[in-house]
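Colleague: Got a structure here, written out as structure tokens. Questions coming.
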Amino acid sequence: MKKILPALLMGFVGLNASDRLLEIMRLYQKQGLEVVGQKLDSYLADKSFWAEELQNKDTDFGYYQNKQFLFVADKSKPSLEFYEIDNNMLKKINSSKALVGSKKGDKTLEGDLATPIGVYRITQKLERLDQYYGVLAFVTNYPNLYDTLKKRTGHGIWVHGMPLNGDRNELNTKGCIAIENPILSSYDKVLKGEKAFLITYEDKFFPSTKEELSMILSSLFQWKEAWARGDFERYMRFYNPNFTRYDGMKFNAFKEYKKRVFAKNEKKNIAFSSINVIPYPNSQNKRLFYVVFDQDYKAYQQNKLSYSSNSQKELYIEIENNQVSIIMEK
């Protein structure tokens with residue numbers, strides 16, 4: 001809750017700011033911190049709170065709770081842009097031409113010469129490679145969860161440089177993204193070892209809207225509230241009938257599994273922080289979003305800790321007919 005308070009306080013700056021603050025103060029005086037936490041949770045589950053929070057933000061590439069760096073690749077040009085995002089304000093650092101795989105559309109198979117479409121994390125930097133890859137390479141997490149559950153194969157999708165010997169006659173890569181070495185080195189100096197995201201698309205990028213992000217963020221906290229309160233039926237309504245868990249478990253099996261877990265009637269403390277919501281390009285032109293955040297989960301039985309975890313949570317969310325639903329989870 002402490003990590004989310006700055007965003008909440010920003011949300012108080014509006015027509016109802018003084019009323020909200022006064023309500024919080026009175027609740028704290030009369031009923032203590034736990035009830036205040038419940039009230040703050042209700043704000044987070046309110047779409048209007050997020051609409052106000054996002055009002056003056058740059059949200060084309062999503063919502064980022066912490067400072068982030070972002071690569072955006074257009075396969076059709078092809079080009080690579082590099083952004084810094086701080087307090088959800090975009091700063092374009094540079095844009096350059098790039099080389100990508102020759103195959104259009106999704107990457108589906110090992111060796112198909114396609115650059116994948118989607119959202120990926122830059123997980124590490126590699127140096128002292130074969131001179132063909134230039135000064136360095138940024139490694140992506142392809143195949144991500146979405147790719148894996150779609151049974152897509154392949155590996156080693158990098159953002160790398162051009163051959164150091166200057167011998168680059170090919171107009172395409174085998175699926176990686178390649179840019180000029182001086183530009184890549186300048187990005188490395190900006191990143192300074194920090195992680196980054198990569199968005200790849202083809203032909204047209206569909207930016208996220210503030211309406212979509214408000215729906216997703218408020219639904220995220222409504223889902224958390226149903227989970228924490230043990231409201232099984234409401235909790236399951238957030239899942240798409242075509243849902244698949246990271247291990248391949250489908251909706252019906254997942255529902256039965258969760259029913260057994262909820263039947264334990266454990267008291268739960270669940271906290272979300274460092275939330276990122278990123279529009280997920282896809283060849284079906286569905287409104288998909290990659291949602292990743294830190295989750296602190298504690299469950300208690302008879303006032304004794306029965307389970308505890310602190311991990312990164314990944315959700316793939318679809319908006320269809322103005323409804324938010326979870327299609328994949330890890």
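The backbone N, Cα and C atoms fix where each Cβ goes, glycine too.
According to TrEMBL, the protein has these features:
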| type | residues | note |
| --- | --- | --- |
| DOMAIN | 69-199 | domain 'L,D-TPase catalytic' |
| ACT_SITE | His160 | active site, proton donor/acceptor |
| ACT_SITE | Cys176 | active site, nucleophile |
Colleague: According to DSSP, folded down to helix, strand and coil, what is the residue listed as 'active site, nucleophile'?
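Modeller: In the DSSP reduction, the residue listed as 'active site, nucleophile' maps to coil.
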Colleague: Under DSSP, the domain 'L,D-TPase catalytic' (69-199) has how many residues in helix, strand and coil?
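Modeller: The counts are 19 helix, 50 strand, 62 coil.
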Colleague: Do you know offhand how many angstrom separate Cys176 (active site, nucleophile) and His160 (active site, proton donor/acceptor) by C-alpha?
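Modeller: Each residue's Cα considered, Cys176 (active site, nucleophile) and His160 (active site, proton donor/acceptor) end up 7 Å apart.
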Colleague: Can you name the residues of this chain that are 6 or more positions from the residue listed as 'active site, proton donor/acceptor' yet have a C-beta less than 8 Å from its C-beta?
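Modeller: Set apart from the residue listed as 'active site, proton donor/acceptor' by at least 6 residues yet with Cβ under 8 Å, we have Leu129, Tyr133, Gly134, Leu136, Ala137, Phe138, Cys176, Ile177, Ala178, Leu184.
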Colleague: For the domain 'L,D-TPase catalytic' (69-199), what is the mean per-residue pLDDT, to the nearest integer?
Modeller: 97
Colleague: Among all protein chains shown, how many Cβ atoms are found within 10 Å of the Cβ of the residue listed as 'active site, nucleophile', not counting that one?
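Modeller: The answer is 21.
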